[in-house]
Every structure is written in structure tokens, then in C-alpha cells.
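Database features (TrEMBL):
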- 6-28: transmembrane segment (TRANSMEM)
- 9-423: domain 'Ammonium transporter AmtB-like' (DOMAIN)
- 40-60: transmembrane segment (TRANSMEM)
- 107-130: transmembrane segment (TRANSMEM)
- 137-158: transmembrane segment (TRANSMEM)
- 178-200: transmembrane segment (TRANSMEM)
- 212-232: transmembrane segment (TRANSMEM)
- 244-264: transmembrane segment (TRANSMEM)
- 276-293: transmembrane segment (TRANSMEM)
- 299-318: transmembrane segment (TRANSMEM)
- 330-351: transmembrane segment (TRANSMEM)
- 371-396: transmembrane segment (TRANSMEM)
Amino acid sequence: MFDQGQTAYVLITAAMVLLMTPGLAFFYGGLVKAKSVISMMMMSFGAIGLIAVLWVLYGYSIAFSNSGTPGFHGKEGVFSLDTGMFSLNSLVDNAHSTAASAGSYPALAFAAFQATFAIITVALISGAIADRAKFGAWMVFAGVWATLVYFPVANWVFNLPTKTSTGGWLAAKGLIDFAGGTAVHIDAGSAGLALALVLGRRVGFAKGAYKPHNPPFVMLGAGLLWFGWFGFNAGSELGADGTASIAFINTLAAPAAAVLGWLIVEKIKDGKATSVGAASGAVTGLVAITPACAALTPFWGIVLGIVSGAICCIAIDLKFKLGFDDSLDVVGVHLVGGIVGTLFIGFFSYSTTTAHPGGVGLIYGGGFGQLGIQALAAIVVMVYSFVGAFVIGWVIQKTMGFRITNEDEIAGIDTAVHGEEGYVLLDERV
């Protein structure tokens, strides 16, 4: 029989990770203008609906097929569609098996856990195109990008080598990415940058930064994200053990330190420490610690948090200097934060686990080998995701149109696209 405790651990952490996407909806929803809050939240909930279905139908098969020789896009060529795993059919048979070894869990539980990763990764991208993207076009992009980019990248990074499979090619090279610094954050951040370039700037971008319309929503969203992130990081161990405990404490310490790092820089730079800054700092620390949560001591987790919070607080201003409109700082937080966390491992990784192999960092005598692998993974995922997202977004823009009109943007995307408003006075409803 399957181990009930381990199975429960995987399923509960999967539910925690799923909560991150509604949390992201609040986080992003509070950052945009009041007349864009419905649109922003719908992009996250749309991702839940679409990506969960695609994952069950064929996404898991692409990402975790264990047959054949690893290719650049999955296990067997461009798409490794194992027909036995289409709609998770073979996993259903496995779930009813009574011959499982002690300490194991149903593969369906793992499939559910990884489904929530696919969902949140796609939802993260939406922040780069807030206020100006058609919902239908976004849904088309989400489905195509997940199929052509996320599912293969998940194979490269998360499909770990076993006795019967060499795993994804980056995992086989010894990449340390415990919970998705490359496959989730660099992946989403690069796609966000590409879409920001395809859709162009919002009306009024040249006037400077937009003020968040609802900071309490932002803080609520950050809190939900932080809670779910414990499942994201500690849950990636797939069992309640010492490694999960290390991941858990680092998921507490790093974002806490990142709040401080962000607020210090924000105070120096802008003269005030803000609630939105505190929330953004927490998310930045969570992003940076994601790949490194099981590879660092808590001390280095705190250092990573402070460093990432400070760097990303500065990085979010790059869009004004370089002239691209990354609406909600997906690039400055997720791309930059993901890169910082991924490379930090190459210097400060102190040990490895059997389930997540990799080398020791430079300061612990590991040489430059691990740093090179980390850098390779960051560059490959960044380029692949950016090019893929840019091409997909460009084709959508040239065919069905991705961006709403300037008139609809000024009037408000919520009413123009969804026919709803986030805030309506009571007397207007009567």
C-alpha cells in the first residue's frame, strides 16, 4: 500500500500551491488601476481553468514521460506524448495498485502537485501586460506557451534522473533547482518581457509610475503567496523530512530578510518605506529562495533574501530607463530574482540530497563547475522562453489582436472586455 502520511503531505502541499494563484490574483489586482482589477484577476483564474485541463490531457506526459532517450523537447523528440499517460490513464491504474513500496505515494498525487506549478507559472506572466491585453488572446497565448515552452522546460528541470531514466537534460547535468527558479521564475519573467515588448507601452506610461489602487489587496495577496510558497518549496521534497525542514525555514527566513532589503533601498531611493514595497520584497525573497531553498544554510538564506530584495528594488526601475512597459514588475522581480537565486547556488550551495543531485558551491570548495551549470540553465531557459513567447505573442497580435484599443484602455479594460466593474457604489445598483 502507499504510505498514507507521505501521500497526504504531497496532496496538502499541492492544495497550498494552488492557493498561490488566487493569492497572485489579489496581489496583481491591488497593483493595477481600479478599472483593471477584474481583468487582472480573470487572467489568473483563466490560467487555472485552462492549464489544469491541458496538464491532465497531455502536459504531464510531456514533462514527465520516462520512456526513451531525453531530447531537447521532452523525452522523445519534440513531444513525448506517451499515449499511456494521455489524460493520466496509466496513473489511474497505478493509484489503485496495492503493490507499492513503503514510503511511496501515487503518481497521481505527484501529477496534481506539478499541475499547480504549471498554473502559477503561466499566471505570473500576466502581470507584464496588465491594463491592455484582450482576455481571449491571453487565453490562446497561455495554452500555446504552456504547451511549447513550459511543459518542455519542466521536463528539462524537474524530471530528475532515476535508475530507469536519465531525466531531463538540465537535471542530468546536475542543475540545482529545488522548486523552480529556472522553470518557473526565469521562464515566466522572460515570457513577460517578451509580451511587454509585443504589446507595447500603456497609455500614459511616459508620465511615470502608476500607483497601486488597493495596497491592502497587495498585502493580502503577498500573505497568501507566502503561505502557499511553503507548500511550493518544502512540498518539492515530496515528504516530511529533514530536507523539507531546511526548505521550510529558508522559505521563512529569505523573504523576511528580503522585506528588509527592499525597504532599506526603497527608503534611500524614494524617501519612504511603503506597504507595497514590503509585499514586493517578500515576493522577491520567495522567488530568489525557490531554487536554493534546500541547498543553503539559513544564514545564507538570509543573505540571499537581503541581496535579492535590494537588487530587485533597484531592478524594477530598469523599465523606465530602457523604455519597456513591464506593468507589474514581472521582469524586475521574477526574472531578476530567479537569476539571482539560481546563480547564488553556484557560490553557496553547501550539500546535496539523493533526490536532488548537484554539486557543492564555490565557497565550500566545489569549484566553478556548479556555477557554470547554474548559469547555463538560466541562460538557456531565458532565451528559449523569451523567443517562444515573443513569437507566439507576435503571431497572436498580427492575427486576432492581443492588445485592446487605446480608447478601451482609457475607459477601463474591465468594462470593455468583461462588462464588469470591481467597485460599484450601492446606490448605482438600485
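Just so you know, glycine gets a Cβ as well, placed from its N, Cα and C.
TrEMBL labels come from automatic prediction, so no person has curated them.
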Worksheet item: Going along the chain, which residues at least six beyond the ends of the transmembrane segment (330-351) come within the CB cut-off of under 8 Å?
Response: 124-125, 127-128, 176-177, 181-182, 184-186, 188-190, 192-193, 196, 280, 283-284, 287-292, 295-297, 300, 303-304, 307-308, 311-312, 315-319, 324, 358-364, 366, 368, 370-375, 377-378, 382
Discussion item. Should anything in the same chain at least six residues away from the transmembrane segment (244-264) have a Cβ under 8 Å from its Cβ atoms, list it; otherwise answer none.
Written reply: 178-179, 226, 229-230, 232-237, 273, 277-278, 280-286, 288-289, 292-294, 296, 298, 301-310, 312-313
Worksheet item: Which value does the mean pLDDT take for the domain 'Ammonium transporter AmtB-like' (9-423) in this predicted structure?
Response: 92
Worksheet item: What parts of the chain pack near the transmembrane segment (276-293), using Cβ distances under 8 Å and only residues at least 6 beyond its ends?
Response: 27, 31, 176-182, 184-185, 212, 215, 218-219, 221-222, 225-226, 229, 232-234, 236, 246-247, 250-251, 254-263, 266, 301, 304-305, 307-309, 312-313, 316, 329, 333-334, 337-338, 340-342, 344-345, 348-349
